[in-house]
Amino acid sequence: MNSRFPTDFIQRIQQQFGDASTDFLKALSNDVVTSVRYNPSKLQSLSDVAAEPVSWCKDGVYLSQKPIFTLDPLFHAGCYYPQEASSMILDWILRSHTELPENPIILDLCGAPGGKSTLIANFLAGKGVLVANEVIKSRANILAENLMKWGYSNCVVTRNDPSDFGRLPSHFDVMVVDAPCSGEGMFRKDERAIEEWSESNAAMCASRQRRILTDAWATLKPGGYLIYSTCTFNPAENEENIQWLLEGNKAEIIPLNAPNNWCISSLGIGNGNALAFYPHKSKGEGLFVALLRKRGEESAKEVNLKKTKSKEKSKTPAVVANCIKDSKNFYFAEDSNGWRAFPNQFVNDLLFYLRNLSVVRYGVEVGQIIKGRFQPAHELALSVDINPEAFNICNLSHGEALKYLKGEILQPPSEMEKGYVLISYHGSPLGFAKNIGTRMNNLYPTSLRIRMALPE
Ligand SMILES: C[S@@+](CC[C@H](N)C(=O)[O-])C[C@H]1O[C@@H](n2cnc3c(N)ncnc32)[C@H](O)[C@@H]1O
C-alpha cells in the first residue's frame, strides 16, 4: 500500500498525523474531485444541475463529472475557470476577513496560471486594481491569456522577480503569495509532483519561500494583508514560515475560524491560526493558508505616484471609444499594437507600473486603425466592458461555435450587414469574424484555436 509515495514522505506523514496517517495516505490516492468557479460578469449559473456549491466560495461548484472543457464554448468565452475547490478559500478570506478601501490595490505575486488572479478579479468586480505577476516568461503569457479571457479591464500582468517590487514601497493593500512549493497536496492530481518530491527539494522550497516573502515584503502597505498559501502539507513551508514572519514582529496573524462542517483543519500559530485542507477530511486538494496583517502606520509620503494627465479624450478616435461601455471612465492609450483602455481612475498607478515593472499586458486591447479603418482586437470581444451596441452580433449553435473556435469559415446569416461581427454562444462573446457578404472570415486567433478533433 502507498507505494506510489516516496518512503521519506510516508515517514514524515506518519510522524505528523499519527493514527490518522493511514486514512490520510489512503485518501491521497482517491479520485480527484472536479470543481469550477464561474465568472458572474459573464454567466449567472452553470448548466450542470447536479453541481454542488463549494461552501467557502460564492461562485464555486463541484461538478458531478469531469467534462472535456475544450469542447465547451463557454470555457473559451471565460465564463468559468476550472479550479480545485480548496484554492477557492481565498474568496471567503477576502470577503469576510479583510477591511479594505473602496478601491483596493491587490498584488498576486506568484500568479500563473491564474486561478487566484481570476478569483481576485471577481472579488474586485472592476474596482481597484489587480497586479497579477509571474516570474517565468512562458507562464506569465498563460496568466495574461487567462486574465484576457476573464475580461476585466482593471488588471495588469507583470513578469518580475519578487525583489523588483521593492521599487513600489508600501503600495499594495493586499499581497497574495501562493508560493512555489513541494506540491504534496497535488499528489492525487499530478504524478509528476510525486516524482519530483524529495526531502531536499522540500527544504529548498522552504528557503525559497522565505526569500520571496523577504524580497516582496516592502511593497505591502503597513496595515495591508498578506495571504500566504501553499499546496503542501510540509510544516517547514507552512506554519514554520508563518511563525518566522511573526517572530520578526513584522506582522500579526488574523484568525480564520472556518465553520466545523467545512471540515477544514485549524493549525494554531502564535495567537491565531491558519487553515489546512487535508485529503481525508475536506473535499478538495491539499492546501495551507494563513492571513497576516503588516504592522506599522502608513506614511503618506511612501506612496509616491507622480500625477500624470491622462490622454485628452479628443485624441481617442470616436470609433475606438465607442467600443467600450462608459468610455468616459477609461484612459485610452495607443502603442504599436493599437489602442488599449484602462480605468481612468488608476491611470497613475498604471504609469507607475509601466515605469517600474515589466508589464506584459494591461487593461483591454480595443483594436487598431489601419489605413483609416478600425479593426477590433480579439481581447475586446472577451472584455466585460465591451459596448455590445458597437457590433452586429451573430449567435452560434454549439456545433457552429466549436467550428468557429477551430478556425473554420462561417456562412453569414442572410440579413447581416457586411463588416465586423461579434460571434457569440449563449449570449457570451467568443471573438470576431468579418462578414464579406459571401462568407464570414474567421478572426479567432490561431494560437487559441481548438486543435483536437471535434466529435461527429
Ligand atoms: C503555486 S503556483 C501559483 C498558482 C497560481 N497562484 C494559481 O492560483 O493559479 C506558484 C508560481 O510561482 C512561480 N515561481 C517559481 N519560482 C518563483 C520565484 N522564485 N518567485 C516568485 N514566483 C515563483 C511559479 O512559476 C508558479 O507559477
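Backbone N, Cα and C define each Cβ position, glycine as well.
Feature list (source: TrEMBL):
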DOMAIN    1-295  domain 'SAM-dependent MTase RsmB/NOP-type'
BINDING   Glu134, Asp161, Asp178  S-adenosyl-L-methionine binding site
ACT_SITE  Cys231  active site, nucleophile
Ordered by sequence, the long-range same-chain Cβ contacts of Asp178 (S-adenosyl-L-methionine binding site) under 8 Å (at least 6 apart) are Ser87, Asp108, Leu109, Cys110, Gly111, Lys116, Ser229, Thr230
Least surrounded, by Cβ count within 10 Å, of the binding-site residues Glu134, Asp161 is Asp161
Cα-Cα, Asp161 (S-adenosyl-L-methionine binding site) versus Cys231 (active site, nucleophile), nearest Å, comes out at 21
Under a three-state DSSP reduction, the secondary structure at Asp178 (S-adenosyl-L-methionine binding site) is strand
The residue listed as 'active site, nucleophile', Cβ-centred 10 Å count of other Cβ atoms over all protein chains shown, is 27
Once DSSP output is merged into helix, strand and coil, Asp161 (S-adenosyl-L-methionine binding site) belongs to coil
Rounded Cα distance, in Å, between Glu134 (S-adenosyl-L-methionine binding site) and Cys231 (active site, nucleophile) is 17
Greatest Cα separation in angstrom, residues Glu134, Asp161, Asp178 binding S-adenosyl-L-methionine per the record, works out to 14
